[in-house]
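What TrEMBL says about this one:
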{"type": "COMPBIAS", "residues": "19-37", "note": "compositional bias 'Basic and acidic residues'"}
{"type": "DOMAIN", "residues": "128-248", "note": "domain 'C-type lectin'"}
{"type": "REGION", "residues": "1-37", "note": "region 'Disordered'"}
{"type": "TRANSMEM", "residues": "59-83", "note": "transmembrane segment"}
Amino acid sequence: MVKVQPSPDSDEEAVDAEPPPKEEGREKPPRKIDTLRDPPRKRIVMYGQDFVLPSKWRLVSLILGIGCLILFIGLVGLLGNYANISILRNKKMESHQDQNEKLKLAVKQLAAGRGSQCDPCLEDWIQRGDTCYFMTDELTTWAECVYICKKKGGRLAKLETQAKVMFFRIQMRQKFEIVDRFYLKYFRYWVGLAYNTLLRKWIWIDGSDFEQLVYSEKTKTYKTGCGLFLGMIFQMKECSLRYRCICEKIND
């Protein structure tokens, strides 16, 4: 009860002032939760302590977790593919090495079976039957090729049959295809073929006639020059031009 004191100039008696009556049946409404300002929070336990993680960060964490999982799976797949490729590559290399060893052994056995009449070719020489061939890398004239082959104990190659032509086409492809896919431009080799001005015809270096099994159209009209092997055909060029050489050495 609150008592109201009258002013000194007032003759009225003090009266009791009572508080306004409470309205029955009306309660204070509950506070509304704004999900944007007050998002629900999740409690997590980490290292023995409780943490509250906002909902928006839960979504970000979930996305990052899924992304990391996808990256991990992709990395595992790449590592698996790399391992498989490495295994296959090693198997192929081992297979090629085994084949090379078998070929070398077969050549040695063939040479041993024929005694001194058929010795294996020296290193960097190519063996075909009883004949060894050497393909030079330096560019020289036809006359210089004659000297180089003679110094190696042989002569410029005589490719008088279609079988020999195909054999060297394969050899050239294997030699240059790994260097340049346009390997045909390297098919330029001097062989033991030249025009004899006294006999007025093309002859091989051993004196036998050139039967023109495979030749360029220009070969018919050339009355001078030396024979250049182009991989499938022969072409006559000036002997002073510089190309590679094919030497041969027969094992008697």
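Count begins at 1; order follows the chain as displayed.
For all residues, glycine too, the Cβ spot is worked out from N, Cα and C.
Each residue in the domain 'C-type lectin' (128-248) gets a DSSP state, and the totals come to 33 helix, 36 strand, 52 coil.
Per-residue pLDDT, averaged over the domain 'C-type lectin' (128-248), rounds to 82.
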